[in-house]
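Trainee: Here TrEMBL flags 6-24, 56-73, 93-112, 124-146, 158-175, 180-198, 241-265 as transmembrane segment.
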Amino acid sequence: MGGGVFYHIFSSAALVSLALYHLISATTTYLKSPLAYVAKPYHPVSSSHRFKYLQLYLLITCLLIAFAHQTLISSDSDPLLKGSTPVHRFTSLQSAAVLFLFLILSLSLLISDATSLLPLPSDLFFALASAVFFLQSSSSASSASVQTSDLQAKCDSVSAQISALAALLCLILACQPRMFVADVGLGGAVCLQGLWMLQTGLSLYVDAFIPDGCHKLLDVVSGVEGSTKCELEDSRLRAVAILDLVFVVHAMFVVLIVMVTYGVAAKTYGVRRLGGSYEALPIAASSPAESSSNHIQMKALTGTQA
């Protein structure tokens with residue numbers, strides 16, 4: 001295994017951790033107070049100032065590492081791309097630019113919450129995040145269009161679709177910040193992207209996970225952009241079908257994670273049903289004298305009506 005698979009594992013761990021924390025925090029916040037729920041760009045780890053911004057610090061660190069990696073690999077040559085080496089350089093730099101935008105967004109969120117220099121409302125943040133996710137989707141689709149490696153093109157295409165879904169959910173939250181379903185969906189989309197990053201690394205760089213009929217090209221140094229190719233058309237179609245099946249499995253796993261997260265949180269904090277059902281209102285205990293007085297008044301009212 002080379003550096004490519006380790007980068008994908010690192011990216012997968014970062015995305016899945018971020019998504020799980022967001023799902024748990026959003027679900028518990030909603031269950032505690034459904035009527036007052038508003039989607040938040042991030043949830044503080046604790047009330048202590050020392051650990052309050054720990055999530056943002058870790059996110060910024062991971063984005064810096066990813067940005068540095070994409071910038072460095074832009075200088076590698078890749079014979080699997082249509083055209084020449086500059087095509088790979090431009091696609092890598094495009095990915096690095098998108099990561100840089102995510103980094104700026106995270107830094108602005110930290111500055112906005114920690115200081116008064118840059119007041120950034122949540123709806124504006126979600127709108128900007130939607131635009132960056134859309135750019136990420138466009139970047140992945142562009143990368144897939146220039147690949148001659150069938151597996152790499154398929155992986156990039158699926159990643160582009162997941163990013164487009166995240167962009168749509170962020171846009172919905174910018175317009176409807178109280179929509180809990182969209183907030184949970186965003187966490188699920190990020191989790192799915194993380195799992196797909198792991199699957200991409202395994203399918204392109206680990207021999208045990210490469211579909212039958214496909215193989216790594218031994219003459220490609222360091223395997224940039226996934227040096228995996230399927231020689232026969234049947235092998236290519238079979239590999240694409242396997243990736244489609246694996247994607248469905250990952251999607252089912254994300255749905256299971258969301259259901260388990262909500263179930264555990266509901267068991268811990270309770271459920272307040274809204275929309276069509278009613279909560280039992282607390283009834284204050286009345287004294288015997290008040291009960292007797294109410295009973296006499298009811299009898300008098302009944303006699304009057306008769």
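Every residue gets a Cβ built from N, Cα and C, even glycine.
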Trainee: Which residues, given as numbers and ranges, are at least 6 beyond the ends of the transmembrane segment (158-175) yet have a Cβ under 8 Å from it?
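Mentor: Same-chain contacts beyond the flanks: 39, 123-124, 126-127, 129-131, 133-134, 136-141, 144, 182-183, 185-186, 189-190, 192-193, 196-197, 200, 243, 247.
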Trainee: So what's near the transmembrane segment (56-73) in sequence-distant terms, Cβ-Cβ under 8 Å and 6+ beyond its ends?
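Mentor: Beyond its ends, the transmembrane segment (56-73) has Cβ neighbours at 7, 10-11, 14, 18, 42, 92-93, 95-96, 99-100, 102-103, 106-107, 109-110, 113, 224.
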Trainee: Excluding the flanking five residues on each side, which residues at least 6 beyond the ends of the transmembrane segment (6-24) place their CB within less than 8 Å of a CB in that stretch?
Mentor: 42-43, 55, 58-59, 62, 65-66, 69, 184, 186-188, 190-191, 193-195, 197-198, 200-202, 205, 257-258, 261, 265
